[in-house]
Amino acid sequence: MSAGQQLDKSALPQHLGIIMDGNGRWAKKRGLPRSAGHTAGANNFRTITRYCSRIGIPYLTVYAFSTENWRRPAEEVGALMRLFKQYLEEALRDFMDENIRVIFIGDTSAFSPELRELIARVERESSGKTGMVLNIAMNYGGRAELVHAMRLLAEDVQAGRLSPEAIDEDAISARLYTAGQPDPDLVIRPSGEHRTSNFLLWQSAYAEYVVMDILWPDFKTSDLDRALLEYASRNRRFGGV
Ligand code: FPP
């Protein structure tokens, strides 16, 4: 029996974040173009998402494309955009069967009309699903998300709907892309990098981090199990004693 099935539901994170890192290095090791690493990464995204849904993780956020990823060579960005289109079509069918609700977090207005239409369709068609919530972070950056939330706050203050004294942590959380969702308890970063890379900056203030020296396309359900066991063994104190 896998750890995901063994673990008591109460020992599972309510919200799991995954930074899907290491696709480029995975491809390089094999003498393949970076885009081949992204294809392998996208396949793994489907496998791991399905597994999370089956073991009963309520919220999963995956980092698919950051606000900084536009700086990559045009060829790589183009390959990623094609992948997103292909996988969102397939994911739509997949995730529907799994009762998964898909939400996109980030500024999706920067994508092509075709991709935006697909994003809207996935969100619309999965909106009634009652199983796991899957947040796909696309053109997402934690700082950009906070800037966006601050603008919304400023608009409310300017319009007289909110007084500056009423601005508290809840008022900020309510204006993030993840409004209404629990904060992530666990963030997994494969590929061995010890960085947050602008991922869920506000929300992960108290998240446990598990860094694993495995490139994302090689990351298996058994690796997720190990991370979940590690998380279950940690003693979270939220700044207390
Ligand atoms: C980081 O690895 C990965 C990305 C920038 C892309 C992640 C995207 C996917 C896995 C596709 C997901 C698909 C959907 C539909 C959500 P890297 O390229 O930075 O790797 P490196 O650090 O080894 O260079």
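Each residue, glycine too, has its Cβ placed from N, Cα and C.
TrEMBL labels come from automatic prediction, so no person has curated them.
Per TrEMBL, Mg(2+) binding site is recorded for Asp21, Glu208. Annotation source TrEMBL lists active site at Asp21. The annotation substrate binding site is assigned in TrEMBL to 22-26, Arg34, His38, 66-68, Trp70, Arg72, Arg189, 195-197. The active site, proton acceptor annotation in TrEMBL covers Asn69.
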Cβ under 6 Å from ligand 1: qualifying recorded positions of Asp21, Gly24, Asn69, Thr196:
Asp21, Gly24, Asn69
Ranked by the number of other Cβ atoms within 10 Å of their own Cβ, which of the binding-site residues Gly22, Gly24 ranks first?
Gly22
Assigned element (helix, strand, coil) containing Thr196 (substrate binding site), judged by DSSP:
coil
To see if you understand the setup: which same-chain residues, six or more apart in sequence, place their Cβ under 8 Å from that of His38 (substrate binding site)?
Asn23, Ala27, Glu76, Ala79, Leu80, Leu83
Whole-number Å distance between the CA of Trp70 (substrate binding site) and the CA of Glu208 (Mg(2+) binding site)?
29
Quick one: give me the count of other CB atoms within 10 A of the CB of Asp21 (Mg(2+) binding site).
23
Just to confirm: which same-chain residues, 6+ apart in sequence, have a Cβ under 8 Å from the Cβ of Thr67 (substrate binding site)?
Gly106, Asp107, Asn139, Tyr140, Gly141, Arg143, Ala144, Asn198
Quick one: Cα separation, Asp21 (Mg(2+) binding site) versus the residue listed as 'active site, proton acceptor', in Å?
12
